[in-house]
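Step one of this worksheet: look at the structure below.
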Amino acid sequence: METLDKIKKQISENPILIYMKGSPKLPSCGFPARASEALMHCKVPFGYVDILQHPDIRAELPTYANWPTFPQLWVEGELIGGCDIILEMYQAGELQTLLAEVAAKHA
């Protein structure tokens, strides 16, 4: 499967998906740690892809997403943004609302 097809499949199969370095429980550095912590505090199921284990996705996704950095949060096929946006939305209460609605819809 081509890398771009793999990315599209992951995004379509996971209503809430974060591309990050490491895993939510073992992030590789501060940005994915803060982003995944915010997601875990929302108490909804989400998927993740460790881009360190998938160098092809790490190379291709920034072009596909038109977003150069990681982590990247995707919700229902749309890029929400990276760490700063995730944290801003969380602090404003917007992330919790969005993710709860999406999780309920896909339960």
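We number each residue from 1, going along the chain as drawn.
Cβ coordinates are placed from backbone N, Cα and C, and glycine is handled just like the others.
Record features, source Swiss-Prot:
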- 4-106: domain 'Glutaredoxin' (DOMAIN)
- LYS21, ARG58, PHE70, CYS83, ASP84: glutathione binding site (BINDING)
- CYS29: [2Fe-2S] cluster binding site (BINDING)
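DSSP places the residues of the domain 'Glutaredoxin' (4-106) in helix, strand and coil in these numbers: 55 helix, 19 strand, 29 coil. Among the record's glutathione binders, LYS21, ARG58, PHE70, CYS83, ASP84, no two C-alpha atoms are more than 19 Å apart, and one pair sits at exactly that spread.
The two recorded residues PHE70 (glutathione binding site) and the residue listed as '[2Fe-2S] cluster binding site' have their Cα atoms spaced 11 Å from each other.
When the alpha carbons of ASP84 (glutathione binding site) and CYS29 ([2Fe-2S] cluster binding site) are compared, the span between them is 14 angstrom. For the domain 'Glutaredoxin' (4-106), the model's pLDDT averages out at 97. CYS83 (glutathione binding site): 21 other CB atoms within 10 A of its CB, across all protein chains. Proximity of ARG58 (glutathione binding site) to non-local residues of its own chain (separation of 6 or more, Cβ distance below 8 Å) is seen for ILE51, LEU52, PHE70, given in sequence order.
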